[in-house]
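Remarks on the structure that follows.
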Amino acid sequence: MKRDVRILLLGEPKVGKTSLIMSLVGEEFPEQVPLRAEEITIPADVTPEKVPTHIVDYSENEQTDEVLREEIVKANVVCVVYDVTQEETIDKIRTKWIPLVNGGAEKGSKIPIILVGNKSDLRSGSSMETILPIMNQFSEIETCVECSAKNLKNISELFYYAQKAVLHPTAPLYDPEDKQLKAQCVRALSRIFSISDQDNDHILSDAELNCFQKLCFGNPLAPQALEDVKTVVWKNTSDGVQDNGLTLNGFLFLNTLFIQRGRHETTWTILRKFGYDDTLELTDDYLYPVLRVSVGCTTELNHLGHQFLLKLFEKYDEDKDSALSPAELKNLFSVLPYMPWSSTVYSNIPLTDDCYISQHGYLCQWMLLAYLDVHRCLEHLGYLGYPILMEQECQTSAITVTREKALDLDNRQTQRTVFLCKVIGPRGTGKTDFLRAFLQRSTERSDRDPGAPSIYAINTVSIANQDKYLILEEVDVETEFLKAADAACDVACLMYDVSDPDSFNYCASIYKQHYMDSGIPCVVLGSKADLVEVKQHHGMSPSEFCYKHRLPSPLHFSALLTHTHTHIYSKLTWAAMYPHLNGSDMSSTSFWLRVTLGATIAAMLGFALYRAFSRHK
């Protein structure tokens, strides 16, 4: 909504433009009227809409045509004043003033016009019969007000309508020639209907209508008022009411009726509550609320985000099979102007046996998005109606920004639940199979997977009876060069092919170049463990290398034995959670034992504190 309103008064000489302004300000008819009134500014606190309003007078005798053109450009609304007793001043509306204001403007970008019939005290009848054909000819005319500067009749109403034409414009909502809502307005209201239809039955029940009414206007409708609304819709539409509720067509008809009856502000209140601006686009403030993430911090969905997303999942899981089919997923995202999840999502997350997105996989994908691109995540939550349905100021309440990693290291514990593991190794070592195995997919099933290839896989790993999210990112490079940004992560998995004698050279080089002094935990993984292990051409064997650099002994993986490798993903998660134990001992057994003991002690301490707190209460 505009922050201020600029009203320009035009019309033939002696029609009373200046008198109208002075009567409004002085609240009495002026005895002496100057040729032109100075610009008046009405403070926000004395206007009905609480917006500062500037009123500008124009006089042909004092101002040039160039000044007039400049004032028209600056104006938000133009009041064309005519004398109800002088027919020629009415004719000038059509032949002079409207062409002057909007002659070169395209449809939809015209300045709104209010027709003002002054000196109604000098005429017994109304001029509306003469004015109506003009109003029908020019769609930019919002309304016509007959008033009297002398009797102060309709003076405040005149400026209220002018203000309203700017703050609640008709043009973006309604086409007066076609007598129907514009396509952009239909799209916006359809999204609002979909968000408000909380059970996805395509009908707004009484409970949903009251929820909607309270959200937009602060109070629920009285039962009789609710019935009256439905009766009006039922009488005027063939499909507006169904099962005692309002359909989308009924909802659209109701808003059309508001506009046709001059109650544009009702529809605008609804639109603005759901984040729309004057062009019927969602505002940047709504879609992209400010969220500051310091260096070393990460972002995760919190309990509010989970709660909202689970409600959304249940709403669109129409067959209640705890999975979203492609059609159900498309419906879920129908309130967005584009499909936000590409086919790679099916390669990122665990799927059902039918290759549908399970509830668990759905939450995994949202966690992945929140971690990798939190601002895109906020945008998606905004489109889906998170602030409205969760009654929150904005989407940032769904996100937790974790504390800096350096503080976690100092405290030797973390409250984070999402960790990133870079899987690094030369091409052909089996990194993709390692990611697929994390999602419990066999190599035989790869032909059935609907997803496009992805460099990410996310799943949960149970650590001390708590689920943590582990993101695996495949880093595939042709040479031994790896940028520092590519190396940053919570834990690095350096993968080599046990059957390729040159494979480990790459891992050793990457470790020395990026991880040896980084403090990032590293786990060496020998892939293709079902094949015969050959001696590596590196100066040391992988085990000797790990011993020398105080790394845990190498782990082994085979894509043919996916069900036996759960412990590998657990150990990667452990290492990410407790980086301070990295390199604390050369023995693999001792390393994992220290990690396990650390986690157990932390869990026991937390339980003891909980019991002590409970007793105190």
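Heads up, the Cβ atoms here are built off N, Cα and C, so glycines get one too.
The structure displayed is predicted, hence computed values, not measured ones.
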Annotated companion of GLY16, LYS17, THR18, SER19, ASN118, LYS119, ASP121, ALA149, LYS150 at the GTP 1 site, Swiss-Prot, chosen from SER59, SER190, SER194, SER196:
SER59
Can you figure out which of SER59, LYS119, THR432, LYS528 (the binding-site residues) comes closest in space to ASP317 (Ca(2+) 2 binding site), comparing Cα atoms?
THR432
Which one is closest to GLY428 (GTP 2 binding site) in space, judged by CA to CA distance, out of the binding-site residues GLY16, LYS119, GLU328?
GLU328
Which residues, sitting 6 or more apart from SER59 (GTP 1 binding site) on the same chain, put a CB under 8 Å from its CB?
PRO13, LYS17, THR18, LEU35, ARG36
Sorted by position, what residues of the same chain at least six away from LYS119 (GTP 1 binding site) have a C-beta under 8 A from it?
VAL15, GLY16, ASP83, VAL84, THR85, SER148, ALA149, LYS150
Quick check: of the binding-site residues listed here (ASP57, ASP197, ASP201, GLU208, ASP321), which one has the Cα closest to that of LYS528 (GTP 2 binding site)?
ASP321
Within the domain 'EF-hand 1' (184-219), residues counted as helix, strand or coil by DSSP:
25 helix, 1 strand, 10 coil
